[in-house]
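See below for the structure under consideration.
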Amino acid sequence: MAPAVLANLNEPLFLGQCGAVFMRKYTNQPLSGDINNPLFNPNPNPNSISAYGNNSSKHFDDSSAYGDYVSFDLDGYTSNQLRELKKRLNSELEEVRFLRERIESGTFVSGSVYTTQARSFAGETNDVGVKKTKTKKKKIGHGQKRSNPFATDEPSLKRHVALDLMSEKVLKSMMTTCGQILVKLMKHKWSWVFLNPVDVVGLGLHDYHRIVDKPMDLGTVKMNLEKGLYRSPIDFASDVRLTFTNAMSYNPKGQDVYLMAEKLLSQFDVWFNPTLKRFEAQEVKVMGSSSRPGPEDNQRVWNQNNVAENARKGPEQISIAKKLDSVKPLLPTLPPPPVIEITRDPSPPPSPVQPPPPPSPPPQPVNQVEASLEVRETNKGRKGKLPKPKAKDPNKREMTMDEKGKLGVNLQELPPEKLGQLIQILRKRTRDLPQDGDEIELDIEALDNETLWELDRFVTNYRKMASKIKRQGFIQNVSTPPRNMPPVTEMGSAEKRGRKGGEAGEEDVDIGEDIPVEDYPSVEIERDGTAAAASGGSSSSGSFSSSGSSSSSDSESGSSSGSDSDADSVQSPFVEAKEAP
């Protein structure tokens, strides 16, 4: 199909005839009644005698012209026929323009055929002017097409056109975003180097074109974007990246231009990559909706899949059966294995070498068993806590805030008779203690790690000893303890096993080597007023501290978590003075 063209007028004939002849390229489908139409002349040769001669005869003087153009004698048409012809030619011209725009924009759908329906004009009959056929005036719109069996149906064509418009809209929005990114990039404080093309002559860069194959700058990218030379955002991004990669290729690493190009390239990727991902997602969405088959297509595909599956099942089953037949004779028939009856003795034979059974520990007293059970239950509840460091560890861990808080509360709960020992520990570790009269201010946060753990061991030993004594019911009044204290020794043994099981996780074994205290008389200490004021306790409390220190030293001898400093700090200095002579 080609647009109608105006043939050259022959001036001698034009003077004799008042009409004009318009020529149109001849199509494969002739107009209805054109061959028999007396006004139809397929030969535009003016030298022919019958160009405007007898209407009933047809002459083909120039046979080569037939099939190339169709001529219309405008003098023989009425006004209605001329209007119909004008509408027809305008419609074809609009269709050609529409197709041209689609081809240039790249949204042309291959496989769609755009043709013009053949319309018969009024008066194109054998009898001119005798009988005029009235045709209904039909409004001709853009894109009116001839029914073609090879063309796509009208609903699918409309869907393709709508999807093309959606894709074009998405592309336009993306290119607008690219322009905004380019403006932000050009406003960067380091982009002034890349705004204009490199002045090779002015800067004396004689080897620039040898290293850089395709020079590019942001100003050129902006100009190309405004002219619409980029068909996709990928082309735009490639030119922007080319600007910075050229600078990084020519300038050595570490120079200012290299660092500026590297920074701007990373910034461009940060701005552009999320936008590109959104654009690709929208494109996939549009393409997915365009490739979505209709119900008839689904039915057709389903039928084809079923036929293919049934056709595929047959050969597979046959081949599998053949393979099984070929494998069967290859398998030898093995005789059944003989049945072996095994009679088992009711008792298995003893092994020749048996390790000697471990010696059973002697039965523990009831009090010791209760103490070990209590320690085990306590250890079960402390699985989530951090283990306390041993006294002989050179590198002890830092005490946590919770442990410091508990230590402060336990120090405030100490009885007055234990304050003397507490002061001795503090004076041994800290030289200068802030003292206000009889009161000493103690800042736990200011103490070092060793002092904190030593105070913790001192408080823990006292609390364990006091709880065991109260639980067993051997002490009625702390100020007046009894003279014979065999339960104290028994408590010390139980405490030793409890601490050993709590920290080392070993089994509690009593080997019966504890020295009974009832064979020895209790120690009584007589102190004067000055010594009593220095120690801060009474004679009864001194007796208690002496016995407590003996049990504490006894427990420290069998425990891995104890320390020699505890035993020294717990024992009263007056006992040492008395034992010295």
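Keep in mind that glycine also has a Cβ here, set from the backbone N, Cα and C atoms.
Taken from Swiss-Prot, the feature compositional bias 'Basic residues' applies to 131-145.
According to Swiss-Prot, the compositional bias 'Pro residues' annotation covers 346-365.
As annotated by Swiss-Prot, compositional bias 'Acidic residues' applies to 504-517.
Swiss-Prot lists 530-564 with the feature compositional bias 'Low complexity'.
In the domain 'Bromo' (169-275), helix, strand and coil residues by DSSP number 78 helix, 0 strand, 29 coil. Swiss-Prot lists 169-275 with the feature domain 'Bromo'.
Looking at the domain 'NET' (389-470) alone, the prediction's average pLDDT is 80. Taken from Swiss-Prot, the feature domain 'NET' covers 389-470.
What Swiss-Prot records for 130-153 (among others) is region 'Disordered'.
Swiss-Prot lists 329-399 (among others) with the feature region 'Disordered'.
Look at Swiss-Prot and you will find 470-581 (among others) tagged as region 'Disordered'.
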Key: Secondary structure content of the domain 'NET' (389-470), with strand meaning DSSP E or B   = 51 helix, 4 strand, 27 coil
